[in-house]
Amino acid sequence: MVGTSFQAQGGITSVVRSYVDYGIFDAWGINYVVTYEKSAKLTQVRVMCAALWRIFWLLALGRVSLVHMHSASRGSFWRKSLVAGMAWLFRVPYVFHIHSGEFPVFYGECGPRGQAWIRWVLRHAGRVVALTGHWQRTIQAIEPAARIALVGNPVHVPGALAPLREPAKTVLFLGRMQLKKGIFDLVNAIPAVLAAVPDAHFVLAGDGELAAAKQRVAELGVGHAVEFTGWVDGVKKQALLERADLFVLPSYFEALPVGLLEAMSSGIPIVSTAVGGIPDFIGHEVDGMLVTPGAVAPLAAAMVALLGDAGMRGRLREHAFGRVGREYSFAAVMAQLQQIYVELGEPVGAIVPKRA
C-alpha cells in the first residue's frame, strides 16, 4: 500500500490509520510505503526516491501481488502515477484510490499530455476507487474505460448516541484553515450568529492560514466567542467532538470528508455545503443542513436555526447516525475493500479488528 506518512495531516492519513486499526494490514500482510512527508523539499525528494527504489525491488523480486495507492491531486497524483506505471510494467494489478475533492479541477489544469497520462493511469488500474456516486460519475466522465468501485471512508461508530445537550452553544470546525475550506465564510458569519445566539462559542481547530483567520476575527470584534486550537488529532480531536453541539464545514471542494463522518458518528448535527460527494451522504434537512458555498447569510441562518431548535437537531443527528452506521462503519467499508482485493486475485483476508 502506498500513501502519506502516518505523521502527516489530512484525510488520506486518517483513512490509512483506520485500515491499520481494523486489521486490514495484518489480514493481507500489507507493506506500507510512504511517498510523502511534510518536510523540506530536499528531504521530500529523498523520501520519494527511497519509496520508488523500495517498490521497484519488491516488484522485481515478485513479493507484491497487488498495489493499493492512495492519491489526492497534483503532486500526490504524479507521485502515485509513477508507482502505477511500475506496477503495470511488472504486470501487477493496482488499485488507484482517489481522495481529492479537486480532481476534476486538477485534470482541467493539465495540458493534453498530462490529461492523456491521467487517463492512462485510470484506464489501466485494476480498480479505481471512488468515494461516492458523485465521484464515480466524475471519474467515469474523465476516463469511460476506468473500472470503478465505490468504497467510502471508514469511521468508528459507537453503539448508541450520546444524550442531546440543551442549550446548544458550541460550534466546531475541524480542518485546514484555507479559503477553499470556507473558514473565512464561517468567520464572517459569526457576528450574525452571535446576534441571535449571544452565548454561542466557536471552536476552530486546524492549521493553515491561522494568522489571517485570527486577524479577521479581531476585525469583526468576536474574539471573545472564538477559540483557536491549532491542528488536533487522536484524543484531542475526540475531546472536541464530545464538546460540540454543532459541526460546520463550509468547504468549496470536498471528496468525502472524514470530519463530517466523525461528526455524524458522534451525534453532532451538521451544517455543510452541497459540494463534491457531500450530498451523496448528507440529505438536506434529513441528515444535516446544506448551503451554497460562499453564501455567508444562509450559512449563519442555518447555524442559528439548529442552535435554537433542539427538535431539529435531534432528528438530523439520529438520521445521520443511522446512515453512517449502515454505510460507513468499519465493517461496511472493509467488506467493500475486501471484495475488490478478492476480485483482483487476493485470498479472502482473515480480518481481526483492533477496534470495533
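Any Cβ shown, glycine's included, is placed from N, Cα and C.
From a predicted model like this one, the values you see are computed outputs, not experimental measurements.
Summed and averaged per residue, pLDDT over the domain 'Glycosyltransferase subfamily 4-like N-terminal' (46-153) gives 97. The domain 'Glycosyltransferase subfamily 4-like N-terminal' annotation in TrEMBL covers 46-153.
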Counting each residue once, how many in the domain 'Glycosyltransferase subfamily 4-like N-terminal' (46-153) are helix, strand and coil under DSSP? 60 helix, 17 strand, 31 coil
